[in-house]
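Read the structure below first, then the notes.
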Amino acid sequence: MFHRSMSNKIMYLLYVQLTVILIIFLLSQRFNIHLPICVFWVSVVAITCIICIQITSFNRNSNKYMILFQIIVFSWIIRTIFIPNTGFFGHDPYKEMEVVSVILNNGWDLDSDIFSNYKYQYSYPILYELIIMGSQVLGTSLFSVARWFPLLYNTSSLLFIYLFSNHLFNSDKSSLLSVFGASMLYQSVMFHTLPIRESIAFVFFVAFLYVYFREKKPNVLFTILALLLIVMITLSHHLTSFLIFLFVFLHILVNSVCKILETIAPRKLYFIPDSRGFNILAYILVLVIGYWIYLRYSPLNIIAYAFEESAYLDPGHGMIVPNNLKFIVLVNGEYFFAFAFAFFSIYSITLCNNRMRINLTLIFWAALMGIMSILSLKGMVLRTESVAFASRFQSFGYISLFVLSGSIIDLKNQKGRMFNEINATVILLYFLFILFSIYRIPVELYT
């Protein structure tokens, strides 16, 4: 007990020291003081090692809140790379800020002709309203709130992933590993750190997963919360509102198929039933589709155009990979990690004693998002923005992969023994994935 407590204190001390070094390195770049890049990578590798070791050795005497805090702080530090001294990273945030300014001066009225140039963004006002309220409450500029606010509210998505994983597998250890992977997913680190409509909608999406599946039987309180979150998603982002409908539809479909299969082989194909029915799906369908039809610039047009584009025989305009070593490593690395996480996610279902139908839904959801991501990347669907949509599908699909694959490290065989070799492999996979995600960050942003 004493030795373990002492080792934990040493880990905490090392983490603090390395974090301070990493912060000093990134701050020095902002003031044009250029330190060797090895300082950055040594700090990153060491911090990742420390967190992985703490998760691996986690037991009832470990402080889960301290480890979760370390993960969040490390994620914050890495995300600040995409918050430059002035302005924003990329071009999308500037379009969003233009709409914020228009709403601030004219209010939100879908029928007004003032917003004819912003009809697409203007239809989803949640992010804009939050930025305006934050600016007025804090008494600071809109740009200051927009630059730093996403860094804060996206932390809540990590907390909901932790709660969702813990609810499914009742394991703090596996939940911490799932959160660590989600916190360093490149799409989340880069895109969700920007004041983009999807960034706030993603938080509501993950919150809905936890709230909707929190109780095995429908609960009035959680049902009301789920309905409110659906409203927030619908008013936040077009793609996310479509995906939440797709996810619930997929879960109900899996439920129905499981009922049929269990009559064929009750023991082998049995998964714990889910009493959720079509009510929530009907609510989502009416709300989302009804709101889309009401809009002047409806996302239904995008869906129709996507199907029309997909019918063309030519391959479209997919991603063009530069012929250099880094991009070859990045592209092949993306495929490797996606298939590796998918393999361990499927494997976790075969090992898990708590065989719930939501686990099957999660693996099929990840497969669906993976297929859409690859088709978009190749320019076969959504060709006009193929690369952008590919990465967006990826961020939603990886939620399932992190939750399922992370559960392996706390599973035991029938004799109660841990799968030590498998656990070590999964931890190594997460360790390499996190370093790979940081490697994806354009080097000119931190040197």
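Note: Cβ is positioned from N, Cα and C throughout, glycine not excepted.
For 33-53 (among others), the entry in TrEMBL reads transmembrane segment.
The transmembrane segment annotation in TrEMBL covers 65-83 (among others).
TrEMBL lists 126-144 (among others) with the feature transmembrane segment.
Away from its own ends, the transmembrane segment (151-169) comes close to residues 68, 71-72, 75-76, 79-80, 83, 130, 175-176, 178-179, 182-183, 188, 192-193, 199-200, 202-203, 206-207, 209-210, 213-214, 352, 354, 356, 358-359, 399, 402-403, 406-407, 410 of its chain (Cβ-Cβ under 8 Å, at least six residues beyond either end). According to TrEMBL, the feature transmembrane segment maps to 151-169 (among others).
Within its own chain, the transmembrane segment (189-213) is flanked in space by residues 75, 78-79, 82-83, 88-90, 92-93, 96-97, 121, 124, 126-127, 130-131, 146-147, 149-151, 153-154, 156-157, 160-161, 163-164, 167-168, 183, 222, 225-226, 229-230, 232-233, 236-237, 239-241, 243-244, 247-248, 276, 280, 358, 391-392, 395-396, 399, 437, 441, which lie at least six positions past its ends and keep a Cβ under 8 Å from the stretch. Annotated transmembrane segment per TrEMBL: 189-213 (among others), in sequence order.
Summarising the annotation, TrEMBL assigns transmembrane segment to 220-236 (among others). For the transmembrane segment (220-236), same-chain residues at least 6 beyond its ends with a Cβ under 8 Å from one of its own Cβ atoms are 124-127, 197, 200-201, 204-205, 207-208, 211-212, 214, 244, 280, 283-284, 287-288, 291.
What TrEMBL lists as transmembrane segment is 242-265 (among others).
Marked as transmembrane segment by TrEMBL: 277-295 (among others).
Same-chain residues lying 6 or more positions outside the transmembrane segment (327-350) and placing a CB less than 8 Å from one of its CB atoms are 321, 359-360, 362-363, 366-367, 370, 394, 398, 400-402, 404-405, 407-408, 411, 422, 426, 429, 432-433, 436, 439-440. As annotated by TrEMBL, transmembrane segment applies to 327-350 (among others).
What TrEMBL lists as transmembrane segment is 362-381 (among others).
The transmembrane segment annotation in TrEMBL covers 393-411 (among others).
Annotation source TrEMBL lists transmembrane segment at 423-441 (among others).
Between the transmembrane segment (65-83) and the transmembrane segment (126-144) there are fewer than 3 Cβ pairs closer than 8 Å, counting only pairs 6 or more residues apart in sequence, which means the two stretches are not in contact.
By the Cβ criterion (under 8 Å, sequence separation of 6 or more), the transmembrane segment (33-53) is in contact with the transmembrane segment (423-441), since 3+ such pairs are found. The highest tally of CB pairs under 8 A with the transmembrane segment (362-381), across 242-265, 393-411, 423-441, is held by 393-411. Within the chain, the transmembrane segment (423-441) has long-range Cβ neighbours (under 8 A, six or more residues past its boundaries) at 44-45, 48-49, 52, 55-56, 78, 81-82, 177, 180-181, 184-186, 189-190, 329-330, 333, 337, 340-341, 344, 405-406, 408-409.
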